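A.B. asks: The repeat 'TPR' feature in TrEMBL is assigned to 54-87, 122-155, 193-226. The transmembrane segment annotation in TrEMBL covers 22-46.
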Amino acid sequence: MNVLSHQISLGSGGKAKGSKKMVIAIVASVAVVAAIAIAVVGSRVIESRRDAEFKKSYDSGMSAFQTGNIPDAVLRLQKAVSLNPNDSKAHLSLAQGYSSVGKIKDAENEYVASLKLNANQPEAQYNLGVIYKSRREFDKALDHLQKAKALNKSLYPADIMIAYVYREMGKPEKAVTILSGLIKAQPFGANIGDLHAELGLAYQAQGKTALATAEWQEALKLDKDNAKAKKFLGSK
């Protein structure tokens, strides 16, 4: 009986030790879960503050932009981009700010960054195309201008730029087709006199002097002060 009692006693002691280990394990698990929860909450708080600061910087930057305080707008938008480098609109707005102060290379970089995040931005595609056009990088310009037009069918300035690029690339016949179509369509807001003047240049590039002159004269009929037509006709 003593042996049996001793054996039972040993068994009870083993269970007690096992229970203590289980309790310790549970407490440790709870502590880990609590630590993770605290970390998650803390991270969300930080993100919330960062988001609020980003919004403040972005909104104040756009406000400064609209009031004409471009240098201040650029500074605020730079901060916004640093707070949230994954916001395509912030990159786009900063690019426009850089363009306004003549920092074209910086503008190019921001347009590229914006389009990497969201390629479906006709304004960014168009503006980047214009930058490449100004540097005579015509293949790149054409690529972005055509993407801009595909994204926004009513973006007629893209057509005008595409026509210019084709003329400079030695493909004036394509420029003639585009410009003639625009004159016929007369898109809202377009300067038809300027379109005739540009069409005259395309004809001139084809060696069709009479047609070119007729277009410049038509431009002056629509607008007697059309500077482009006056220049090409040698008028004062």
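Any Cβ shown, glycine's included, is placed from N, Cα and C.
Just tell me what is around each of these and how deep it sits.
C.D. replies: Sequence-remote contacts of a segment are chain residues at least 6 beyond its ends whose Cβ falls under 8 Å from one of its Cβ atoms, and for the repeat 'TPR' (54-87) they are 93-94, 96-98, 100-101, 110, 113, 117.
Remark: secondary structure over the repeat 'TPR' (122-155) totals 27 helix, 0 strand, 7 coil, with classes taken from DSSP.
Beyond the ends of the repeat 'TPR' (193-226), by six or more residues, the same chain brings 160, 163-164, 167, 172-173, 175-176, 179-180, 182-183, 232-233, 235 to within a C-beta distance below 8 angstroms of the stretch.
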A.B. asks: Is it possible to list how many residues within the repeat 'TPR' (54-87) are helical, extended or coil according to DSSP?
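C.D. replies: The repeat 'TPR' (54-87) comes out at 27 helix, 0 strand, 7 coil.
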